[in-house]
């Protein structure tokens, strides 16, 4: 999903101007920070002052914060939010795959929904994914394809350097257009939903903070370079998905790469969603929830749900924006800062408390603005 958002960064610069460059850097710093405080909530100090991992998942953190109110309320809210976001992400990949295939083979008499079904067939092996190790291998290939896409676009832009002009940047801003830019930029970095599992599966969890710093630093450099070169090349003609600006021969190549990336990206949110369901079943049932039959049933059901919603949900892009504004902001900004304040209040310095409160307020405002824009779009469509 981050790759799809990255392709919209030049368009975000079109509507945010110079402030967009600052937002790319600020978003990297904020998402890196919320990732660190979320993982900090997994640990507590023992009697010797050593940090011990006493929680394993986002759900455990939520339950620890809400235990006085209800032992499982926080976990239920977090699990529902996570599953909704992950399912919507999977659906987006299917919708994107159908759209990319349709644009790549315009002369084939097949509808976009039919292309989505064809893409779905290639994803059926996901039923047999049982470990994060397999998903990580697919994610590595996904990253490789992503770099190929970025390389092709930047290389073409550099051949057009004679057309570049800083005068293309806007100084005046339209408020609603600026809010759209904020959403695209911030959510191009969000990955908090996967971090507890990722940190728990690292060979050396002590390197997590360093890893997070370097990945966000390089992501910031790459995204700034990509967005800047693309926008300086096309200026006011910059489209929502920058690959639509490319010459036809390059557009087809990049669209096929994007298709590959979408299909390789699908297993990660799919695996994460099924693992959450498995965890819930194991707590509510005394049976062996890892039985092969149940595993195939759950995974098969998830695959079928994503296909049906991809084919029959009207105005999916607007609904995706609405759910993203709620679940994305909650999981990436609101809950990490809130949980950190709740669990670590006595040990936090004044500046750390101010930082958490500021992130919470910023996340709330971004979420509210995104909801308003999405609801307005839905009302215009249905009106």
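Cβ atoms are placed via backbone N, Cα and C, with glycine included.
Whatever TrEMBL says is automated annotation, not expert-curated.
As given in TrEMBL:
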type: DOMAIN; residues: 2-373; note: domain 'Amino acid transporter transmembrane'
type: TRANSMEM; residues: 20-43; note: transmembrane segment
type: TRANSMEM; residues: 76-95; note: transmembrane segment
type: TRANSMEM; residues: 115-132; note: transmembrane segment
type: TRANSMEM; residues: 144-166; note: transmembrane segment
type: TRANSMEM; residues: 178-198; note: transmembrane segment
type: TRANSMEM; residues: 210-233; note: transmembrane segment
type: TRANSMEM; residues: 253-281; note: transmembrane segment
type: TRANSMEM; residues: 293-312; note: transmembrane segment
type: TRANSMEM; residues: 318-339; note: transmembrane segment
type: TRANSMEM; residues: 359-379; note: transmembrane segment
Item to check | Cβ contacts under 8 Å made by the transmembrane segment (210-233) with residues that lie 6+ beyond its boundaries | outcome: 6, 9-10, 12-14, 20-21, 24-25, 28-29, 31-32, 35-36, 150, 153-154, 156-158, 160, 163-166, 168-169, 188-189, 202, 242, 245
Checklist outcome for this item: Comparing 115-132, 144-166, 253-281 for Cβ pairs under 8 Å with the transmembrane segment (76-95), the winner is 253-281
Checklist entry - Mind checking which residues reach the transmembrane segment (115-132)? Cβ under 8 Å, same chain, six or more beyond either end. => result 94-95, 97-99, 101-102, 197, 201, 259, 262-263, 266-267, 270-271, 295-296, 299-300, 303, 306-307, 310-311
Checklist outcome for this item: With the cut-off at Cβ under 8 Å and a gap of six or more residues from its ends, the chain residues touching the transmembrane segment (293-312) are 87, 90-91, 94-95, 98, 113, 116-117, 120, 123-124, 126-127, 129-130, 270, 273-274, 277-278, 281
Checklist entry - Apart from its near flanks, which chain residues at least 6 from the ends of the transmembrane segment (20-43) lie with a Cβ under 8 angstroms of it? => result 9, 12-13, 51-56, 58, 60-61, 64, 181-182, 185-186, 188-192, 195-196, 199, 208-209, 212-213, 216-217, 219-220, 223-224, 227-228, 332-333, 336-337, 339-340, 343-344, 355-356, 359, 362
Checklist entry - What residues in the same chain, six or more past the boundaries of the transmembrane segment (178-198), come closer than 8 Å to it by Cβ-Cβ distance? => result 2, 5-6, 8-9, 11-13, 15-16, 19-20, 23-24, 27-28, 30-31, 34-35, 38-39, 42, 56-58, 61, 82, 85-86, 132, 216, 219, 223, 268, 272, 275, 321, 324-325, 328, 331-332, 336, 366, 369-370, 373
